[in-house]
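Taken verbatim from TrEMBL:
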- 691-752: domain 'CBS' (DOMAIN)
- 72-95: transmembrane segment (TRANSMEM)
- 116-146: transmembrane segment (TRANSMEM)
- 166-188: transmembrane segment (TRANSMEM)
- 232-256: transmembrane segment (TRANSMEM)
- 262-282: transmembrane segment (TRANSMEM)
- 294-316: transmembrane segment (TRANSMEM)
- 322-339: transmembrane segment (TRANSMEM)
- 359-380: transmembrane segment (TRANSMEM)
- 444-474: transmembrane segment (TRANSMEM)
- 495-521: transmembrane segment (TRANSMEM)
- 527-547: transmembrane segment (TRANSMEM)
């Protein structure tokens, strides 16, 4: 019998280099859990409802008022999630803009006084302190908060449960650490952490708060199951994107296209309602900020990037440059993913040496970044301020297109306007309209190369950091540079090329189309760009798919998450489910001895067990259903034992309620090792029939593995029972779990398939295998 506990003994050794060699109960703070990294044991989630007698009785006793309350609570939670996520999103931007703005104001004042050494000291030390703070609280308080969190949310919505990713500590560190890391001038973003933040808020509300900290709400008991929490987490992640970019429709589409593995129309309505709440709340606070009541936030990150031009037009001659932009963006995006994966693996080898090494890497990256941001503008020459500029030139202070830096009066440093700035302001400068003459070729190219590599090296630190904004900044600089090269041969201005460059780089790295298109349109407030953005996204994604996968899938694979893809590998058509089911099969009788149950639970890590009735309860061995490990532990904890092996279904229904078997949320729950029994109790019996899911999903042993995978993923199963085609004693052959569909497990059992895969590759791509 196989199991979804991936660290159970007896697993076949993979023929490829294993991604995870050791596991502990503490989640790794590394961005990648590979080559000996210590990460938590990974389990699956029970998205399938266990239809036992208690579940049926609970629904039979519900009246119209309770059903109305259930639906009302769902919509109320959506409103709460939208309101809280929007408030946190606004607070994040307010904090980042004011902390980073104060830092740049102080540094700029020292530059004006020509105290360049002191200016660099203040700039670099403040960045180091902010980075050090973010790294320390992440490493010591909530290691699961490191990174963007999008791979973890995506894996969770696929059915993978990594403990700690939605805890209250993780939420706190995600918010505070993200503010500190983004304010430290590292080339990292806050959009990814906002997705994780929204998912955390939704999960905590769905489980009724946190028992550990005494924050629970009894009226949320209806959502004590993985399926309702999955829907809430999906809605929370959509709200996170909506709050990060003020893109409500883009948030819904992002959750649909990139995150969610299961979708339905009811979920679409609730997600749309939630993101609408986010948009309304943010609009109200932005209006407040326009009145000057938000400090330095004023025109901060939540304000749309203005690239609108009423006279903008494009013709057929503009299509070839856009196509070229998409092709190069796809190549650069795939190269970005390749390099980022390699850097994360190197970081992990260092991180596994201890927390001190993790913090040392973060501090080193901070110092290196400060040196680049402060030093590179010195290589750029000063430019005279243009006459008739719409804004003050040179810019004195934090934001603007005309940073003075070290230049004399009446001049500005174009490279400093991009590189010595917050990420949001850099994007705004690149996207801005009617600025074709403001930046030099060398400055934009230097900025592109700096962003490309700094974002790769910055993402792997032990802090809550995202990739969305760095990819947008890098792509915008690349697009702007291409627009400058094309020059007068195109009707599009350089700001529009920056938008298209950002779209192409996003498509090449993240491989999304519809959601990214809508997010960019909502960011720029320019619907006229729709055809060009659609075209560049399709081209860049198609080109990049020929080289590697999207960045979040690569990180999930490196972390060791057993993610089930939407498609089946070709070799799965050659195998049946009977070819991958491993034993021995552990099962229980309908009325089982307590001693046997305790022994099996202590000696195995399985989370589901078939329940089989044999004579005299039935004429022949017959499969009654499937019982979960958590339900067995609840029965043992309650000690509702029988002195004789007789049925006691009626009595059990009176002594238990459906709430006794509700899932506790993010806590680990009770363990069999924590329960103690007397010798007399070990000799007693339990009637498992009332607690068994009598209608589990089953497949015949001759079904193809590919077909079983589609069923397993589409329904959202944790256990899939395999029954024999011809009766031969036992009514069950084994159980399929997520682990049995992993390529490493399948190819470990059938190594000849590897040779056939290489053979097909040689036939299809003969040039790749010729000797040099």
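Glycine too: its Cβ is placed from the backbone N, Cα and C atoms.
Given the structure is predicted, the values throughout are model-derived calculations rather than measurements.
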Most Cβ pairs under 8 Å with the transmembrane segment (444-474), selected from 116-146, 166-188, 262-282, 322-339, 527-547: 166-188
Dominant neighbour of the transmembrane segment (262-282) in 72-95, 166-188, 359-380, by Cβ pairs under 8 Å: 72-95
Recorded stretches the transmembrane segment (359-380) and the transmembrane segment (527-547) touching, at least 3 CB pairs under 8 Å: no
Remote residues contacting the transmembrane segment (72-95) - C-beta distance under 8 A, at least 6 residues beyond either end: 175, 178-179, 183, 190, 194, 197-198, 201-202, 205-206, 219-220, 222-223, 228, 232, 235-236, 239-240, 242-244, 270-271, 273-279, 281-282, 285, 289, 294-295, 297, 300-302
Tally of residues which DSSP labels helix, strand or coil - the domain 'CBS' (691-752): 24 helix, 14 strand, 24 coil
Range from 322-339, 495-521, 527-547 with most C-beta pairs under 8 A to the transmembrane segment (232-256): 495-521
Segment-level pLDDT (mean, integer) for the domain 'CBS' (691-752): 88
